[in-house]
Amino acid sequence: MARWVAVAAVAVAVVVAVSGLGGAAGYGPGGGFLYPQFYQHSCPQVEAVVGAIVAKAHAEDPRMAASLLRMHFHDCFVQGCDASVLLDADGSGRFTTEKRSNPNRDSLRGYEVIDEIKAALEHVCPHTVSCADIIAVAARDSTVLTGGPGWEVPLGRRDSLTASLSGSNNLIPAPNETLPSIIAKFHNQGLDLVDLVALSGSHTIGNSRCVSFRQRLYSQNNDGKPDFTLNPGYAAELRGRCPRSGGDQNLFALDPVSQFHFDNQYYRNILAKNGLLNSDEVLLTQSHETMELVHRYAASNELFFEQFAKSMVKMGNISPLTGHNGEIRKNCRRVNYF
């Protein structure tokens, strides 16, 4: 009981910390409007409920904050921020779950935390709060709990009736992609270079699997040679637990200096050629514009935090379902007709 009270206190602190920090609003299809006060009358408890459960999950598993933040990315880049990433296969053949996609299979986590939040909200505000909004608020709270910036989350999203396996496979940037390809995928979502570099800073927390960066250690260009942009000492350390074959699921901190603390160390790592993923290091090596942003964020935690919050709001406004589009799911894992 004492532990729960302490967790709840942390959640209240999160809500207080983010209020008044400045948010943004956005439009969905048909002109539906997202705004932070969307549930002010219909479910005023929403932020406190989400915050308490996210704080509890983070206290039990420090990796969960990064997982929930990543879930928001993977949701918004496919069909917009509509909670399609949460849908299980429904047996109808209408769609294939995104959980089976290459970016999500065996790596995306946190579904049970969203389930717990949804069940709690259905108890206090039945059929009111969307799963898409739960993901967005949980991502913000996860950032704050790990020491990162807060922002007001525009709300009012509705949940999709379908998912897209092909979209998840093709639209989410991969860790071994070239910078032009990553830029194109962000541009397709209405996100620019500044958003790309700032949002990549989410890799200040969380882990990556050996399979996601193995090519950098052994044959970056299919020539049997490691990636020359990777610090040789760091590469040797990584090879200790990421062999040429096997160990695909072995986990490595994206930022080994401050793995569970949200800060600008990620950019300093890149400058030292210690970016873990190819998609991290190319920000320094393949574009003067992105290189300049890496230097700026490495020099100023405040500047990084300010832009990260702005870019998260912008990403959260990608093609939301609003008005009478979509639905408010009762169970985040399936549409309501089941």
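Glycine is treated like the rest: Cβ placed from N, Cα and C.
Keep in mind that what you see is a predicted model, and the values were worked out from it rather than measured.
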Cys210: disulphide-linked cysteine among Cys131, Cys242 [source: TrEMBL]: Cys242
Counting only residues 6+ away in sequence within the same chain, which have a CB under 8 Å from the CB of Asp82 (Ca(2+) 1 binding site)? Asp75, Ala132, Arg157, Arg158, Asp159, Ser160, Ser319, Pro320, Leu321, Gly326
When a 10 Å sphere is centred on the Cβ of Thr204 (Ca(2+) 2 binding site), how many other Cβ atoms does it contain? 28
Can you tell me the CA-to-CA distance separating Glu98 (Ca(2+) 1 binding site) and Cys43 (disulfide bond), as a whole number of Å? 29
Taking the mean position of the Cβ atoms of Thr204, Asp255, Asp263 as the Ca(2+) 2 site, which residues outside that list, in the same chain, have a Cβ no more than 8 Å away, listed in sequence order? Gly201, His203, Ile205, Leu254, Val257, Ser258, Gln259, His261, Phe262, Asn264, Gln265, Tyr266
